[in-house]
């Protein structure tokens, strides 16, 4: 039985079992499974207790006994050595080196616990270095837990991250925070550097909002600088705005920016040649790995020096390092203006990598995710050019709206697929670095189980059912019901390989 990997080849892969009609209710086999499971599977709202972001979410005694200090430093790790999985005869797989686990907030925190306890720990003997990035604990540690987590990823090489809250004014008031802390993703990216790559999870049974997209579109987002490290301020009244650069061994150079006649706003931002070069190398390497052409897009016609620097560095590195490899694989690299590239992207069938600046990549990755069917079907990985650090997470947020429903005791149907893939992509990287193919195979089998439950059995969460045009209640299941189906499918797939 072959494993599933998500690349250009996956988009062309045909499944052996035909997908059910999109307008039909769940298949009879799916209904039988859910009916037989109803005595043990309840809605997520009744099965998982609401927890404060400050508390650990693991149901295991190991996690519940951790101290606050251990949550911060990650020194207290999971060392589970049971020889068999629950209710199965499948041997546990040893993960050679640790994986850094970054917990998160709200609905995704609850789902994260379920994934860890039901789909990861029963099958893997893994040392998890745990850091609680829940908003309240970040506030308690003055956000040092985020810095420590990033340093741990540097040390161990691989991290998996749950979605987290980036506070705004309303969140500061809600959580009574000391201050409006920065985005933990931004903090981690600025410490690790590298490039964020977002790739769709393609499920043939889920129709695309952009129907022509038959091949993956991978967004490479430069994970450093620009607006995300900008200094901005409100200008209170008339005055002169200037930009001053002072060389280490030279006289200050002053550039006039604007003469304000009244109030306004101003912003300065920056990037570095070193970071742009790393971005270029990571982008070219990803394109070669996936066997796809690469497009780099900027607005260099307007930002002639700023965006022009990106364009020039990419071209220089392509010609000096990667052109021969691209041509040997019949691939190409091209710079295109961002507005032209976005228009061409919508008209295309997919099948390429886009290298984008920080803000452009942030926006376009969500557009691509929704175009392929759902924000819940998009992976996000942070990759450094030399491969010394790798972090994977879901591309979506903490699903606050579902969490509010959960707090009221109502059932929720939150798509966990991207969060599951955050674990699997991290495990695949860990297995590759450690040269442990059984770890890679397990992660690929878990990904395959997620896809097959939707594609072959018609069991899906509400967002995917709506994408299929199915609004009736019987068309979708709760989060825990979906994950129970994935667990069943995973066990069957693993047993068939023994």
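Every residue, even glycine, has its Cβ placed from backbone N, Cα and C.
Record features (Swiss-Prot):
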- 164, 165, 166, 171, 347, 397, 398, 399, 400, 401, 402, 415: NADP(+) binding site (BINDING)
- 166, 183, 184, 185, 186, 187, 188, 189, 198, 221: substrate binding site (BINDING)
- 339, 362: Mn(2+) binding site (BINDING)
- 228: site 'Critical for catalysis' (SITE)
- 299: site 'Critical for catalysis' (SITE)
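The Cβ of residue 347 (NADP(+) binding site) lies under 8 Å from the Cβ of 212, each of which sits 6+ residues away along the same chain. Residue 228 (site 'Critical for catalysis') sits 17 Å from residue 164 (NADP(+) binding site), taking the Cα positions as reference. Annotation: 339 are the binding-site residues among 186, 339, 400 whose CA atoms are within 10 angstroms of the CA of residue 299 (site 'Critical for catalysis'). Take the binding-site residues 184, 186: by the count of other Cβ atoms within 10 Å of each Cβ, the lowest one is 186. The two recorded residues residue 362 (Mn(2+) binding site) and residue 198 (substrate binding site) have their Cα atoms spaced 10 Å from each other. Of 184, 186, 188, 198, all annotated as binding-site residues, the residue with the shortest Cα distance to residue 400 (NADP(+) binding site) is 184. Looking only at the recorded positions 164, 198, 299, 398, the densest Cβ neighbourhood within 10 Å occurs at 164.
If you take the C-beta of residue 166 (NADP(+) binding site) and look for same-chain residues 6 or more apart in sequence within under 8 angstroms, you find 181, 182, 183, 184, 185, 186. Note on proximity: among 188, 198, 339, the binding-site residues of the record, the Cα nearest residue 402 (NADP(+) binding site) is that of 198. Cβ neighbours within 10 Å of residue 228 (site 'Critical for catalysis'), excluding its own Cβ and spanning all shown chains: 18. The substrate site in the record is lined by 166, 183, 184, 185, 186, 187, 188, 189, 198, 221, and its two most distant CA atoms lie 19 Å apart. Distance from the CA of residue 198 (substrate binding site) to the CA of residue 339 (Mn(2+) binding site) is 20 Å. DSSP assigns residue 398 (NADP(+) binding site) to coil, not to a helix or a strand.
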